[in-house]
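S.K.: What TrEMBL shows for this protein is this:
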- Asp20: active site, proton acceptor (ACT_SITE)
- Asp39: ATP binding site (BINDING)
- Lys22: SUMO2 cross-link (CROSSLNK)
- 1-107: domain 'Protein kinase' (DOMAIN)
Amino acid sequence: MAQVLQALAYMHAKNICHRDMKPDNIIFNAKTGAVKVIDFGFACVSKEKLRVFCGTPSYMSPEIVAKRDYIGSAADLWACGVILYACLTGTVPFKAQTEKELFRKIQ
């Protein structure tokens, strides 16, 4: 997880927000021990607050699911918290039958 956070710190220092951090977008090279963040399809360069509703539902921050302006780097860090929780427990912190219910729990 430290390498993922280092990658995010580097991106955020360049004002790059990933906006879809999740386990599927982290790859691990077993030979070298290197971790890479991939899939920059939702990524953007911005110093301003963002408004675009995007990402993977279980990893979205409360601001995104509430459709409020949000700081991209903070949303990335929220998603990393969800990833860490899932690594430690084997499940995401918020589960629901519907997306609407999931978003209610995240908020």
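Glycine residues also receive a Cβ, built from the backbone N, Cα and C atoms like all the rest.
Each of the listed features needs to be described in terms of its position in the shown structure.
M.R.: Around Asp20 (active site, proton acceptor), the same-chain residues six or more apart in sequence whose CB sits under 8 Å from its CB are Asp39, Gly41, Phe42, Ala43, Cys54, Gly55, Thr56, Tyr59, Ala79, listed in sequence order.
Look at Asp39 (ATP binding site): DSSP puts it in coil.
Taking a C-beta cut-off of under 8 Å and a sequence gap of six or more, Lys22 (SUMO2 cross-link) has these contacts in its own chain: Thr56, Ser58, Tyr59, Ala79, Val82, Ile83.
Broken down by DSSP into helix, strand and coil, the domain 'Protein kinase' (1-107) contains 48 helix, 12 strand, 47 coil.
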S.K.: Taking the Cβ of Asp39 (ATP binding site) as the centre, count every other Cβ atom within 10 Å, in any protein chain shown.
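M.R.: That number is 14.
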